[in-house]
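Q: What follows is a structure written as C-alpha cells; I'll ask about it next.
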Amino acid sequence: TTEGKVIKCKAAIAWEAGKPLSVEEIEVSPPKDHEVRVKIVATGVCRTDEHAINPSFKEGVFPVILGHEGAGIVESIGQGVSKFKPGDKVIPLYMPQCGHCKFCLNPKTNLCEKISKIKTPISDQEVMSDGTSRFTCKGKPIYHFMGTSTFSEYTVVSESSLAKIDAAAPLDKVCLIGCGFSTGYGAAINTAQVEPGSTCAVFGLGGVGLSAVMGCKAAGASKIFGIDINKDKFPLAKKLGATDCLNPQDIRKPVQEIIAEMTNGGVDFAIECIGNPDVMKAAFESTTVGWGTCVIVGVAVGEQSIPFSPMQLIMGRKIKATFFGGWKSVKSVPKLVSDYMAKKFDLDALVSHTLPLDKINDAFDLMNAGKSNRTILVF
C-alpha cells in the first residue's frame, strides 16, 4: 500500500509562461488533515489551462501542474475526512463547496469563499490551506492549479473540492463534468434559464459552446444559432441541437445584424463561450431589446473591457456571467454524472481525441489549431 507514503509518478509541469509543458517524475506527499490523495485516471484539456500559461496572463505562478477537468479514484485520505474512502470514484472540483460559508448557504450563487481571490479565480488555490504544496520535482516545490492539478498521475485536493460519483461511471467521459460540459450546459439551464420555445445564439462551438447548445436544446429552445469562424464545428453543433450555423467571416455585415433579421429583432438568449470582448459585444447585441439576456461564459485574459453603451441596458437587455455553469459543485456533480449514466445528454460526442499524458502538448496544439472539441488524456 502507498498510504502514508510519498508517491513518485509522472506529471506535466509548466516551468514558465509561453513554453510547452514538460512531463517529469514528481513526488506527491500524503494528504494532510481534511485532504484527499487521488489517482487521476483521465483529464480533459481546457482553454483555461492554456490561459494560465499565456504570457499575457500576469497572475500565473510557476512552476505549476495545471489541469482542472479530471476524474479518478481515491488513493488515501487525511485525518478528519469522513465522506471519502480509498477506492471511491471522484471528480476534483475547482469550484469548492465547503457547505457553511455565506455563499454556500445562499441558493443564489455557486461560489464558495474557499476561492479566496474571487477577482481572478484561475490564479487561485495554488497552494493547500496550510500554505504549502504537496508536489515536488527535482527538489523544488511545484504549485497547484485551481486546487485540482489533474495533469498528474496523483494529486492532492481539499475534501471540499471533491465529489464522490457513481462507481460505474466511465472516468474518461465524466471527467468533462469537472469543467467544460457543466459550464456550458449550466450556462443555458441555470444562468440564462432558457425557456421552452425561445430563440438562442451560442457564440463559440468548442467543448463549452457545444455543451451550451445541448443545454439550450434540453431546455426546449425552438431555434438555436451556433456561431463560429471554424465551419468544421458546424456538423457536430447541428447533431447536438443547433438549428442554424453562421460563420461571421462569410457575412458582409456584423453577425448580430443577421441574427436580428432572422429572429424579428434578436434572440431571447445569447451565450458567449470564447472569452473575447468583441464577441461578448456581438452576443449582447444579438439579443432582443425588452428582455434579451446575454450570458458570458468565456474567460477574457488580462485587463480587457466589453465595449457597449449603457443605453443598450436601459432598453431592457441583461448581461450576466457564469462560473462553473452555476452548479453548486459538491451537490450537483454527482447528479450530473447520474444524468449522463441515464443517457440524458451525450458527453461522448464532445470527445474528439484521446491521448496519453506524454502527448499533452499535442492536445494543446490541436486545441489552438481548432482541430479538437475536447481531448482527453488517459493515464
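Note that Cβ sites are derived from N, Cα and C of the backbone, with glycine treated the same way.
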Q: Select one of C175, C179, C200: the residue that Swiss-Prot places in the Zn(2+) 1 site alongside C46, H68.
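A: Checking C175, C179, C200 against Swiss-Prot: the Zn(2+) 1 site match is C179.
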Q: Which of R134, R374 shares the NAD(+) site with G204, L205, G206, G207, V208, G209, D228, K233, V297, G298, V299 per Swiss-Prot?
A: R374
Q: Specify the secondary structure state of V208 (NAD(+) binding site) as given by DSSP, simplified to three classes.
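A: In three-state terms, V208 (NAD(+) binding site) counts as helix.
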Q: CA-CA, which of the binding-site residues H68, C98, C101 lies nearest V297 (NAD(+) binding site)?
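A: That would be H68, the closest of H68, C98, C101 to V297 (NAD(+) binding site).
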Q: Is it possible to get the count of other C-beta atoms within 10 angstroms of the C-beta of C112 (Zn(2+) 2 binding site)?
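A: Looking across every protein chain shown, the total is 23.
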Q: Rounded to an integer, what is the Cα-Cα distance in Å between T1 (N-acetylthreonine) and C46 (Zn(2+) 1 binding site)?
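A: If we compare the Cα positions of T1 (N-acetylthreonine) and C46 (Zn(2+) 1 binding site), the gap is 33 Å.
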Q: Closest of the binding-site residues to C46 (Zn(2+) 1 binding site), Cα to Cα, picking from C104, C112, V208, D228, V299?
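A: Going through C104, C112, V208, D228, V299 one by one, the closest to C46 (Zn(2+) 1 binding site) is V208.
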